[in-house]
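Novice: Dropping the structure in here first, questions after.
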There are 2 protein chains.
Amino acid sequence: MADESNQTDRSNQESERDEDDFYALDPSAVARIIYAVDIGDRERLIAEMEPLHPADIADLLEQSNAFDRRRIIELYGPEFDGDILSELDESIREEVIGLLHPEVLAEAVRELDSDDVVDLVEDLEDHQQEAILEVLEDSDRVAVRQSLTYPEYSAGRLMQREVVMAPEHWNVGEAIDFLRNQDDLPEQFYHIILVDPRLHPVGNVTLGKLMGSRREVMLSSLVEEMFHIIPVTRDEGEVAYAFNQYHLISAPVVDENDRLVGVITIDDAMAVLDEEHEEDIMRLAGVGESGINDKVFETTKARFPWLAVNLVTAILASLVIAQFEVIIAQFVALAVLMPIVASMGGNAGTQSLTVAVRAIATKDLTGSNVWRVIRREVLVGLVNGLIFAVVMGIVGMLWFGGPALGYVIAAAMVINLVMAGLAGTVIPVLLEKAGVDPALASGAFVTTVTDVVGFFAFLGLAAVVLL
Amino acid sequence: MADESNQTDRSNQESERDEDDFYALDPSAVARIIYAVDIGDRERLIAEMEPLHPADIADLLEQSNAFDRRRIIELYGPEFDGDILSELDESIREEVIGLLHPEVLAEAVRELDSDDVVDLVEDLEDHQQEAILEVLEDSDRVAVRQSLTYPEYSAGRLMQREVVMAPEHWNVGEAIDFLRNQDDLPEQFYHIILVDPRLHPVGNVTLGKLMGSRREVMLSSLVEEMFHIIPVTRDEGEVAYAFNQYHLISAPVVDENDRLVGVITIDDAMAVLDEEHEEDIMRLAGVGESGINDKVFETTKARFPWLAVNLVTAILASLVIAQFEVIIAQFVALAVLMPIVASMGGNAGTQSLTVAVRAIATKDLTGSNVWRVIRREVLVGLVNGLIFAVVMGIVGMLWFGGPALGYVIAAAMVINLVMAGLAGTVIPVLLEKAGVDPALASGAFVTTVTDVVGFFAFLGLAAVVLL
């Protein structure tokens, strides 16, 4: 029970800390760890690391610089746990694996469940992947290799292969006796999956119902109302959606013949949901796959393409402006005001597209409501456009004297905010139809529209009204 | 067993549909439902709705227009399930509650667990809240009222009050006998929580371990290694983070005297994680709390403040431009090129701030690595700035003849992309320190910096070089 008292102590310590920082690494603990490394005191390092969860140790390694990381790993030595590797961000996982002594690595990997090993090796380069597969026991290696034959990001990669199942004709007593005689039940399981003679899953019984029922009750009378079967090739993002939508706790995975081959549990689905969200946010911001731990070169490389796309759209907008050089030279106030129209359009467009992209991801934007949503966004653009038109019309008049410039910027504002609502909804929907991830590409397209329309409407109207 | 075969049929049907659309509502099913409503055929409507999960029915109601929504609810009548209310988006929940016959509403609400009722009523207006509380049984009403005394978005609102616990000195046999004699075990539970005589939780035993052990084994020897206690006032976002970070399945909740008062399970944590992400994405895009189902008026109101802030920052940028009217009048090319520098800076700043905001949310950006991250972002800005400086320098030269304009835009590009990296990291970090949600406010500040710096650097350098 030593472990809980540690945990309780820790939460008491935590309660004295800043309300938002319970689960962030304690800076003084980090300082003590670095001190232990500085003086090369292995006992002290181990003692300091002891209360940390593997996920916290992984965070510590991620937040350390490469020099400290190497020193911590070398001093920590054989204490290094396989779970730390699982928790590590991919960007430094290869580096850490390279730092581990081969025997420590072998020991760490052998502790892991086969699904964690799959997660660990799938992104490694071939020679590191082989090095890890070699140290596994034969049966584990076969299991891992088989999982790797399923497509990346599929249910097959996500599932555990250890399944607790029972024939559908068993009663509670038979199931309990069976469980008692099993030597290697999985670490975590919540349901017994009932299967028919051809190994097709037909229902789930929770362990709670099993424990609360008399021995002679048939398992088939205890099955959960919600039972959801997942094909082994299904995309993990769809799996996470199903868990979230239907409040699943675990779900059986079947092969192409509908035979039970594994089980996915909610903790794995939650991790995927988290990753998918992260990906959406990063894609919406044009940051690609990069994270906080990437090196300068990787980060530059990941962000460059989005900036390059933006440069092209910015040049496009400049070409529009260039058509109006004559009138700008005459009325420099146009140059002063024109970025306002484009900027407001860009912001309104980003608002619309973000709502649309999220609604597509959560399957809330479908054929049956797309026209209503488009109409709503256009109306919102119109109303906000009219309000800001009045504001900017007055600003324009006061700033530059005379009403003409006020009318022009007001009209351009309305036009651009309506276009922003329209483009911000239609573009993600069309991209999705075309099979392109709307989170990835909508931003560039929508901004191009609002920049081009904004500059063209403002300068074009100015040319008509002022000349 | 009727229910599973339905589910299986459904997944077979699904496999014929588009790879991305398994879990989206089937448009033909929606059409059949609307047809049943059109002809007023209650039997047919019930039959069409039968295979749908309450979450799917909620989606159907959300995606229908107000007219169809009313007709569906009226015809569906007493079949209306409490879980549908729980699944409904807040934006239309009040409307739907208003449409339900009082008796149907009472019946629907009585079916729900107390934590679901809390979730349902906490956002309702007072008179609707009272109407629902009145129909509850006395014990449930007391439980719901007590939950409502905990702060909004706290662990106390999220937890279930039904807890399965056992004294720490029991053995497996005593626990099993106890469970068998319980009449009302919670629908879903995965652990037995061990408590000391003062009702302090001291450990978790999984049902799987309980089933797999002999009767005389002490419960205290079976406790899980990972055990995490949550104070009842802790923010639900922090709770979700802990579940995700430490792979918790369920966690006991304690009051200020460390006494067990409830339990939070991973499915609730997953729902919170999903909401928190949604909120982050919406805040980053300046969309406030609005969603796809809001009406035009609410949506306009939610988005207006962000556009107003953007207008102020855009006017600030215009004031910078206004300082250079004289030189713009002389060299109109400056007006053509200046939006490019600002736009590139805005994009690079958004990239940096998104990475920083996410890293703060996941507690990966802390005091121990903040300087390294800032240095990294500035370097990335410098490298990308240099590359785009060369590109734009050449474009500027070719487009407008003569090298001077090329030098100016190149230098301004480098300056602005470095500033973007710096502001994109420092601003979220400072906002977080000041207790402001960085997702909410970073965008406006960072864009202001990149606009102002972009225009000032470009036009200022131009004034020096060209005049």
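Please read every residue number as a count from 1 along the shown chain.
From the backbone N, Cα and C atoms, a Cβ is placed for every residue, glycine too.
Because TrEMBL annotations are produced automatically, they should be read as predictions rather than curated entries.
Per TrEMBL, the features are:
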type: COMPBIAS; residues: B:1-10; note: compositional bias 'Polar residues'
type: DOMAIN; residues: B:218-279; note: domain 'CBS'
type: REGION; residues: B:1-22; note: region 'Disordered'
type: TRANSMEM; residues: B:304-321; note: transmembrane segment
type: TRANSMEM; residues: B:327-348; note: transmembrane segment
type: TRANSMEM; residues: B:378-401; note: transmembrane segment
type: TRANSMEM; residues: B:407-431; note: transmembrane segment
type: TRANSMEM; residues: B:443-466; note: transmembrane segment
Novice: Looking only at the domain 'CBS' (B:218-279), what are its DSSP counts of helix, strand and coil residues?
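Specialist: Going by DSSP assignments, the domain 'CBS' (B:218-279) contains 28 helix, 15 strand, 19 coil.
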Novice: Grab the same-chain neighbours of the transmembrane segment (B:443-466) for me: Cβ-Cβ under 8 Å, and only residues 6 or more beyond its ends, written as numbers and ranges.
Specialist: 284-286, 306, 309-310, 313-314, 316-317, 320-321, 323-324, 327-328, 330-331, 334, 337-338, 341-342, 344-346, 348-350, 352-353, 404-405, 407-409, 411-412, 415-416, 419-420, 423-424, 427, 431
Novice: Given a Cβ distance threshold of under 8 angstroms, which distant residues of the chain, six or more beyond its ends, lie next to the transmembrane segment (B:327-348)?
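Specialist: Those are 317, 321, 381, 384, 388, 392, 396, 399-400, 405, 409, 412-413, 416-417, 419-421, 424, 446-447, 450-451, 453-455, 457-459, 462-463, 466-467, in sequence order.
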Novice: How does the model score the domain 'CBS' (B:218-279) in terms of mean pLDDT?
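Specialist: Taking every residue in the domain 'CBS' (B:218-279) and averaging pLDDT yields 93.
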